[in-house]
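S.K.: Take a look at the following structure, please.
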Amino acid sequence: MPPLPESLPSGHAGPGLLSPPTPGCPRPSSPRRDPGMLLEIVDVTGRSLAASGFAGRTGTRPPAMADLTVCSFLTKVLCANGGRMFLQDLRGHVELSEAKLRDVLQRAGPERFLLQEVEMKEGLWDAEAEAAAGAGGAGSGGGGGAGAWAWRVVAVSSARLCARYQRGECQACDQLHFCRRHMLGKCPHRDCWSTCTLSHDIHTPINIQVLKNHGIFGLNEAQLRILLLQNDPCLLPEVCLLYNKGGDPFYGYCNLKDKCTKFHVCKAFVRGECKLQTCKRSHQLIHATTLKLLQEQGLSIPSVVNFQIIAAYKHMKLHKTLENKDNSATFPEGSRGLEKQGTQEARAAENRPLVPIPAQPARKPCPGKP
């Protein structure tokens, strides 16, 4: 039996990956098909799965290795294009029909790819409007009238930076041992990484194993940065604990108010743990008062928008799980969040006013930020 063909190209980061668009500027046009980022799915015999009729057979799954390779490659393409793409653009990198590609994403589930049907709009891209409305992709945001509906794909991962490693307290675990400040581009030793006490190398034996365990072994450092920025809450600015302790509906117990240099946002929400359908604390990561803070932290605004989209979906899913548990009903196992109704609920969860709505505060505080 011939060996499995190499399906993943060498590290490839799309142009302008680390230079996010400035809010208010036109959104970049749809990515072009890049021959260097094209994948033909093959089985263990070396035949194309599309050519052999695999993808068209109902109920037939690809070999496990092909599944992992395809998902890793799709994550690589998404992160090379800012972490989020329209399905029709993503299809340009894979030799599969749109229906078959959607099936691959659906079987992978929202733990790997958040697939939602959204309405495209015309006009300038606006980060605040996009985060509030939950409508992503090129040409969406603060512009004009309604447009066509399209499938949006956002890269999701449970990979995280190890918080204990940042404090020098962990030698090996199932999380990435990598310098947090370097991931944010703020490490003072970035020009001489050997002088930093923390690793700047994603290819250490520990990190390679973690990447393999999460099925993202094909990513280079720039692509991994995009993936973590939109999934790992430890890369967001530090959340204000006084804001989260209650009191004033706008500022909690924080006396600094608008002058506070910490994030005034629901800590449980960013960690995917907020159990309140209508929370007293803000679930909006991007608005006028936080844009400056995010930019000072060196964060990519499109990545924070992606974080908002993923967090809103998780909040909707958690609330629905608790709701069904209260009704003694079983939540459908492995729900993919692909139905239009689920997408509309996620969009409604994101579409809250930028001023928090008064309600009962969460009783159980979230663990402190490292």
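Glycine too: its Cβ is placed from the backbone N, Cα and C atoms.
TrEMBL does not curate its annotations; it predicts them automatically.
As the structure is a computational prediction, the values presented were derived from the model and not from experiment.
Pulled these features from TrEMBL for this protein:
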type     : residues : note
COMPBIAS : 18-29    : compositional bias 'Pro residues'
DOMAIN   : 69-124   : domain 'ZAP helix turn helix N-terminal'
DOMAIN   : 160-207  : domain 'PARP12-like CCCH zinc finger tandem'
REGION   : 1-34     : region 'Disordered'
REGION   : 326-370  : region 'Disordered'
S.K.: Pop the mean pLDDT for the domain 'ZAP helix turn helix N-terminal' (69-124) in here, whole number is fine.
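M.R.: That stretch averages a pLDDT of 90.
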S.K.: Using DSSP, what is the helix/strand/coil residue split across the domain 'ZAP helix turn helix N-terminal' (69-124)?
M.R.: 28 helix, 13 strand, 15 coil
